[in-house]
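Colleague: Summarising the annotation, TrEMBL assigns compositional bias 'Low complexity' to 18-27, 459-469. Feature annotation from TrEMBL assigns compositional bias 'Basic and acidic residues' to 54-73, 435-446. Sequence annotations record features per position, and here TrEMBL assigns compositional bias 'Acidic residues' to 447-458. Annotated domain 'PUM-HD' per TrEMBL: 101-447, in sequence order. TrEMBL lists 1-73, 435-472 with the feature region 'Disordered'. Residues or ranges marked as repeat 'Pumilio' in TrEMBL: 159-194, 195-231.
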């Protein structure tokens with residue numbers, strides 16, 4: 001116990017001793033010794049033996065540039081020193097940048113520009129492949145290739161030829177390669193396409209490299225395009241591409257000629273297409289062509305997988321090309337209700353742009369003809385179209401959406417190629433009675449599209465385009481009524497036609513919409529609920545016709561009875577719409593028919609005699625008979641034959 005108490009007491013004694021040392025009650029001698037150990041300032045040495053620096057010396061040592069400008073210059077010099085150390089050809093690039101500023105000026109003579117271009121190419125000779133990937137040098141080379149002579153361009157091409165594949169995948173050099181292709185001769189373009197042999201599929205999987213393949217495909221002729229496509233079909237076709245002629249332009253024809261197993265080609269194309277779609281590289285027309293050919297041989301599962309993958313916003317990026325638009329139509333036609341919903345939702349915010357494009361608008365036409373979810377279409381598509389309805393009516397492509405609702409699949413408004421694209425189908429996904437693979441292959445030629453420069457054989461389409469697009473279960477007339485009348489689109493359409501009757505009638509494209517609206521559309525879809533509105537439209541057109549005749553009117557402001565487009569539209573309305581004919585006669589022509597019995601307006605007056613409606617002929621008979629007697633009008637041939645009989 002004693003020992004333990006002694007051990008416990010020892011630390012306390014130590015604490016007390018240490019406390020005494022730090023306290024102010026310590027001995028003066030120890031404290032004095034501690035103070036005396038400090039070095040004197042006059043000795044010039046610090047606490048660790050380093051030379052002592054005064055405050056003035058420290059401030060001078062830490063002194064920064066006097067102005068901000070000097071600080072920027074110092075930082076710039078430091079950055080340039082680092083660039084010189086990091087970039088091998090930094091001085092050359094710096095010199096090229098100065099030359100580029102001189103050669104790219106607009107107000108420069110051709111001789112001076114040629115001099116600067118030649119000097120730049122001379123400085124780059126032998127180093128072009130090394131500096132082509134630089135941000136600055138690539139721009140200089142593009143300008144040089146554009147303005148240099150053919151001999152200089154040939155020299156640059158030969159120097160870059162072994163490095164094309166590497167440069168095609170470089171972010172900056174890819175623009176140089178595209179510029180080289182734009183200015184290449186036929187021989188150089190053929191040489192470049194041959195250098196892509198065996199690498200087309202790998203380049204298409206590259207975000208940057210795919211741009212070069214697409215550019216070469218766009219510039220190539222038909223034979224060269226087929227060469228690029230054959231590499232994507234199978235390995236065998238890469239080896240035996242010379243055995244394929246331009247007559248076998250479609251994949252099914254190539255397979256039948258060379259007797260290649262379709263399953264092998266399908267597997268290879270799946271391995272090529274799948275990574276491309278996964279990366280979202282779907283903007284290029286060569287990929288659209290490959291997908292169209294793939295659908296001709298793909299089995300049911302593979303085709304459905306591609307449609308499922310494309311049923312999103314990816315499809316919006318594809319439909320700007322001819323083949324891409326057809327792929328969109330096929331996805332709409334063969335996709336499930338869920339997939340169609342994704343496609344329609346992916347178009348949100350892009351409907352206006354799609355409606356004004358030549359090929360993309362056909363996807364909208366397919367949607368309003370096939371998709372049964374009219375509520376979704378009204379919410380996303382119809383609502384966006386209503387915002388610029390006048391612009392849509394007057395546009396060459398945009399009017400086709402409205403015309404499809406008013407008179408579906410009409411050959412007057414859709415070309416045979418357009419109607420064929422609406423009736424395309426994938427052989428393996430067709431819901432037809434024939435289920436055999438051989439029979440599906442026989443139908444492939446007529447169901448699918450064609451290569452460039454050939455007529456489309458996209459199914460049997462009647463002259464009037466009466467064949468309906470498959471895919472929807474709802475009655476077409478009910479679908480049209482819900483989209484056109486119940487949505488309020490028809491009422492707004494009539495209001496736009498009333499408010500802009502003169503401009504629309506005189507328009508080459510808008511007049512067709514005016515005619516269909518005034519006649520009530522196919523099956524009288526507008527007559528049931530908008531009869532009064534249509535009467536107001538007849539009065540608006542008649543009031544324009546009642547305006548006095550002007551002799552010195554401008555070409556675009558001609559009287560509606562004398563304008564080339566409007567006069568023909570009014571004549572058709574007189575023949576096909578008796579209610580309009582009666583309104584026009586009583587408002588504008590009664591007592592004035594002799595004034596309008598000459599020029600383009602003569603056909604309008606003559607139409608009253610040619611009308612099949614007895615009321616129209618009777619109301620104008622007395623007044624027009626006097627014009628016949630004077631020789632200003634001729635009796636219609638049909639009436640003459642009836643009188644003779």
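The backbone N, Cα and C atoms fix where each Cβ goes, and this holds for glycine too.
All annotation found in TrEMBL is predicted automatically rather than curated by experts.
Walk me through where these features lie, including what they touch and how far apart they are.
Modeller: Mapped onto DSSP helix, strand and coil, the repeat 'Pumilio' (159-194) counts 29 helix, 0 strand, 7 coil.
Here the repeat 'Pumilio' (195-231) has long-range neighbours at 161, 164-165, 168-171, 174, 177-178, 181-182, 189, 237-238, 241, 244, 246, 249, 254, 272, 275-276, 279, 281, 283-287, 289-290, 293, 451-453, meaning same-chain residues at least 6 beyond its ends whose C-beta is under 8 angstroms from one of its own.
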Colleague: Mind tallying the repeat 'Pumilio' (195-231) by DSSP state, helix then strand then coil?
Modeller: 27 helix, 0 strand, 10 coil
Colleague: For the domain 'PUM-HD' (101-447), what's the model's average pLDDT?
Modeller: 89
